[in-house]
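Enquirer: Pasting a structure below so you can have a look.
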Amino acid sequence: MATSSLKLTSACFVLLFIFVGCVLTATNLRNNEISRSRKLKTEDSKSFNSSPMTTRLDGVVELNEHAVTDPDKVAHEVSNLIHMSEQNITARRKLGFFSCGNGNLIDDCWRCDRNWNKNRKHLADCGMGFGSKAFGGRNGSYYVVTDHSDDDVVNPKPGTLRHAVIQVEPLWIIFKRDMVIKLKQELIMNSFKTIDARGANVHIANGACITIQNITNVIVHGLHIHDCKRTGNVTVRSSPSQAGFRGTADGDAINIFGSSHIWIDHNSLSNCTDGLVDVVNGSTAITISNNHFTHHDEVMLLGHNDSYTRDKMMQVTVAYNHFGEGLIQRMPRCRHGYFHVVNNDYTHWKMYAIGGSANPTINSQGNRFAAPKNHSAKEVTKRLDTKGNEWMEWNWRSEKDLLVNGAFFTPSGEGASGDSQTLSLPAKPASMVDAITASAGALSCRRGKPCY
């Protein structure tokens with residue numbers, strides 16, 4: 001009897017030792033991943049901030065420096081990070097720990113934190129894709145927006161969003177309360193700014209909207225942007241020392257013009273005069289993620305026009321977005337550059353989902369495409385403004401996309417052969433897209449609780 005008790009006690013100690021070892025292993029895996037990510041981000045941030053770049057960008061050379069030489073490698077690295085995240089989440093679940101991780105690499109990095117409001121700037125460590133080095137105002141002070149008005153676009157009142165975004169120094173901009181901001185003229189941002197609307201219900205609506213022009217390092221997170229109108233032909237301040245005459249603003253929700261290191265994340269965008277997100281005039285190093293797009297015609301334009309060859313260096317990641325109700329086309333519409341479209345949910349379109357001209361490279365991975373009932377609109381892709389069969393040389397790839405309701409993707413170029421050497425590693429399975437994109441759009445965040 002004593003021998004049996006001794007054996008039972010010994011077995012319990014062995015099991016306890018194994019359990020503790022597993023806990024420490026899983027914790028170390030997660031901590032090592034986070035430490036590595038933060039170290040790389042910090043080193044990149046220090047390097048970037050010590051560069052001789054001015055607040056506003058000028059010329060092709062500076063923007064070229066922000067484009068990577070091997071975009072397929074970046075897509076490969078993104079997939080590796082997704083795989084690492086999945087391994088760590090699986091390890092925690094096997095040990096019986098609760099995990100809020102759902103395979104969305106960006107959200108899994110920060111959304112589980114109940115103290116997100118005390119660690120707001122950790123968001124800047126969580127970017128992925130071509131815009132992963134968009135640090136925004138991480139190295140600056142907080143600026144609290146207390147006033148929803150926009151009465152004076154030349155001499156904006158302190159406490160307003162316009163006053164915040166034109167400042168020269170890095171700023172992390174947050175909001176004291178819920179507010180609806182009706183901008184009289186386009187909101188012209190300055191470099192190294194984060195607009196972080198978590199914890200408040202903030203709408204930019206029924207007026208002008210956001211312009212990111214010839215600047216670098218901007219994060220826009222958590223806004224509702226809708227019903228943007230065409231404005232302009234007035235003087236608008238763009239910095240404390242400069243105000244200038246502005247021509248017509250088209251009425252885009254977010255216009256990114258000649259800028260780099262930009263991250264547009266977790267916004268709800270709809271029903272604007274022109275585009276919802278336009279990326280043009282040599283912009284590069286952009287990530288557009290976790291957004292919810294609805295009720296709009298021309299959703300996303302990536303590339304100025306066919307003759308604007310500076311856009312050949314454009315590199316954009318479009319990830320984890322939900323392209324939803326009432327959309328017609330351009331999700332996105334691409335020119336010249338390299339575009340990684342990964343794990344998005346396409347539940348509605350009336351004409352086509354992904355289109356392009358001027359020989360863009362489009363790498364589509366793990367997306368879910370649900371075609372409309374209209375039999376003439378089942379094709380996901382659309383080549384525009386092409387001569388003869390020249391489009392057959394364009395590299396448009398589809399890898400493990402989920403095509404439902406008769407949807408079909410027409411590959412071309414290297415994509416037509418399915419050559420795995422030219423493709424990055426698989427993204428999350430398209431069957432997981434519903435979970436990954438379930439929280440796309442502006443989140444509901446309360447202090448002391450994870451954001452949902």
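Cβ coordinates are placed from backbone N, Cα and C, and glycine is handled just like the others.
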Enquirer: Check Swiss-Prot for me: it has Asp274, Asp278 binding Ca(2+), so pick out which one of Asp250, Asp297, Asp306 it puts in that same site.
Expert: Asp250
Enquirer: If you check Swiss-Prot, which of Asn49, Asn281 turns up marked as N-linked glycosylation site?
Expert: Asn281
Enquirer: In whole Å, how far does the CA atom of Asn214 (N-linked glycosylation site) lie from that of Arg330 (active site)?
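Expert: Between the Cα atoms of Asn214 (N-linked glycosylation site) and Arg330 (active site), the distance comes to 24 Å.
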Enquirer: Starting from the Ca(2+) site formed by Asp250, Asp274, Asp278, give every other residue of that chain whose CB sits within 8 Å of the mean position of their CB atoms, in sequence order.
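Expert: Not counting the recorded site residues, we get Ala249, Gly251, Asp252, Asn255, Cys272, Thr273, Gly275, Leu301.
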Enquirer: Using DSSP, would you call Asn233 (N-linked glycosylation site) helix, strand or coil?
Expert: strand
Enquirer: Could you tell me which of these binding-site residues, Asp274, Asp278, has the greatest number of Cβ atoms within 10 Å of its own Cβ?
Expert: Asp278
Enquirer: Taking the Cβ of Asn281 (N-linked glycosylation site) as the centre, how many other Cβ atoms fall within a 10 Å radius?
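Expert: I count 20 other Cβ atoms within 10 Å of it.
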Enquirer: Cα distance, Asn374 (N-linked glycosylation site) to Asn281 (N-linked glycosylation site), nearest Å?
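Expert: That comes out at 35 Å between the alpha carbons.
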Enquirer: For Asn374 (N-linked glycosylation site), just count the other CB atoms lying within 10 A of its CB, please.
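Expert: So the number of other Cβ atoms within 10 Å of Asn374 (N-linked glycosylation site) is 10.
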Enquirer: Could you round the CA separation between Arg330 (active site) and Asp278 (Ca(2+) binding site) to a whole angstrom and send it over?
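Expert: It is 10 Å, counting Cα to Cα.
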